[in-house]
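Engineer: According to TrEMBL, the protein has these features:
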TRANSMEM  6-32  transmembrane segment
DOMAIN    44-246  domain 'TLC'
TRANSMEM  53-72  transmembrane segment
TRANSMEM  92-110  transmembrane segment
TRANSMEM  173-193  transmembrane segment
TRANSMEM  213-235  transmembrane segment
Amino acid sequence: MEINTKLFISVICTSFFTFQLLFYFVSYWFSAKVSPGFNSLSFEKKIEWNSRVVSTCHSLVVGIFGLYIFLFDEPTKTDPLWGGPSLANVNIAIASGYLISDLSIMILYWKVIGDKFFIIHHCASLYAYYLVLKNGVLVYIGNYRLLAELSSPFVNQRWFFEALKYPKFSKAIVINGILMTVVFFIVRIASMLPHYGFMYSVYGTEPYKRLGVLIQLSWVISCVVLDVMNVMWMIKISKGCIKVISHIKQEKAKNSLQNGKLD
């Protein structure tokens, strides 16, 4: 299979510099325009704000692009292990450029936004995407994993609300929190079953054997590492969602009791 290395390197570099531009320039201007509260944030908050704006932009691009590819890209759907060059390669290259950009920003502003779990997450993802782009294999799987990014805009939006000091149980935060929990579960947790089911179904087949031991092990290990973190984050998100729902029920019961007394 012919691998267009120059194309992938060009896409990765373009992606990297685009997200750097968004972080250092565009986000400052755009955020000040759409949210007056941005200017009153501390320097540290602005750094994380801009980082999350970039994260949201990346998530929307690769998530929506990935969903289209997942549904309509025939080369990868026909042969998930060895599917020919396709749009999915470009999507993975875009994601790789973002991960390198975000790693550089995280390291530069480590005291503000440094997070060891995100370092592990980014490095595991980059290693997996490197193998995909270098060898032209598992492109379908790489793109499938990118669908997890569809949950990030909701996660980031929750942080924006908190940074702007929205009331903890305001309608906007509650709705976003419920959507965040549902979408996160669908694209990061429920999606595990089809993925590992597919992995089991192809184990031992001739196309699987042709992958070689390194790629086979890397496929399993990188996905397990990422999914362990996804489960940890899901537990944390679920606890927060349950807390919010419990609060709403308590408020409704309290209002019902008060209304009963007034009657």
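Just so you know, glycine gets a Cβ as well, placed from its N, Cα and C.
Tell me about the surroundings of these features in the structure.
Structural biologist: Residues 38-39, 46, 49-51, 53-54, 57-58, 89-90, 93-98, 100-102, 104-105, 133 of the same chain lie 6 or more positions beyond the ends of the transmembrane segment (6-32) yet place their CB under 8 Å from a CB of it.
Within the same chain, residues 19, 22-23, 27, 30-31, 86-88, 91, 94-95, 98, 101-102, 105, 143-144, 146-147, 149-153, 156-157 sit at least 6 positions outside the transmembrane segment (53-72) and bring their C-beta atoms closer than 8 Å to a C-beta of that stretch.
With a cut-off of 8 Å between Cβ atoms, the residues of this chain six or more beyond the transmembrane segment (92-110) that come close are 7-8, 11-16, 18-20, 23, 47, 51, 54-55, 58, 61-62, 65, 118-119, 122-123, 125-126, 129-130, 132-133, 139, 142-143, 146, 149.
Only residues 6 or more beyond the boundaries of the transmembrane segment (173-193), in the same chain, are considered here, and those with a CB under 8 A from a CB of the stretch are 144, 147-151, 154-155, 157-158, 161-162, 166-167, 227, 230-231, 233-234, 237-238, 240-241, 244, 248.
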Engineer: Counting only residues 6+ away from its ends, which parts of the chain sit with a Cβ under 8 Å from the transmembrane segment (213-235)?
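Structural biologist: Residues 117, 120-121, 124-125, 127-128, 131, 135, 137-138, 141, 145, 148, 184-185, 188-189, 192, 195-196, 199.
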